[in-house]
Amino acid sequence: MVPQILKRPHALSFAASGFLMYYQLGVVRALKELAPEMINSLSRVYGSSGGALVAAVITYAFQECLFKAVEDSRRSFWGPFSPFVGVFRTLKEGLIKNLSENSHQKASGKLYLSLTRVSNLQNVMVSEYKSKEDLIERYMDGGFTNMQPCHDVEGVISISPFTGEIDICPRDSQALFSIVNIFGTTIQLSMGNFSRAFHAGFPPTITRYHSLGYQNAISFLLMTSKCVLNNTALSPG
């Protein structure tokens, strides 16, 4: 049984993560399987860059096009920056295929995307969408001025593939120079984070980070709720 605290309305904030969004997808899977009441009571979902696509999975329950995009990227030495790999085209085509015509109506007021205004490089938070096409373009914009949107707001559970002052994240044992604020969020300067920063653009196998996210979400649930999960539930499968 999930304790009452996890049944209250919450919001999730997904950090900018590049292809490490598969870590966040592992977190989402664990929360859906082990704390569905929390997922069902979400009042808002925040996302930035790759985290915005994870927010889409929460809202629309699709992820096939994300897996295809990372496999396309791994085929080339240059990763997503190769002119021969249409990663962003794959993502856009997947969104067009999976989003319903009224998807913008479902997202308005619940899905908050962190974007960067090109004219002055200021961060803006968008939560209203005029059409399906407008929603898709917002997903593809990304956000470089706010890595972890609304992570410091009460009731918001922050999720990031980088170790730092985040609710659900990897836990590196030692930091080189403690912590640093990057684009609005505080993360550790650690060898683990340096490695993950590289993998954000040049992804390893999907299962590695997906499983890590799943296990870190379990640790969060255990710490927060003190609930006891049996060995079967603990397995990522």
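Cβ atoms are placed via backbone N, Cα and C, with glycine included.
Unlike curated entries, TrEMBL annotations are predicted automatically.
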Among ranges 47-51, 102-106, whichever one TrEMBL labels motif 'GXSXG': 47-51
Average model confidence [pLDDT] within the motif 'GXSXG' (47-51): 79
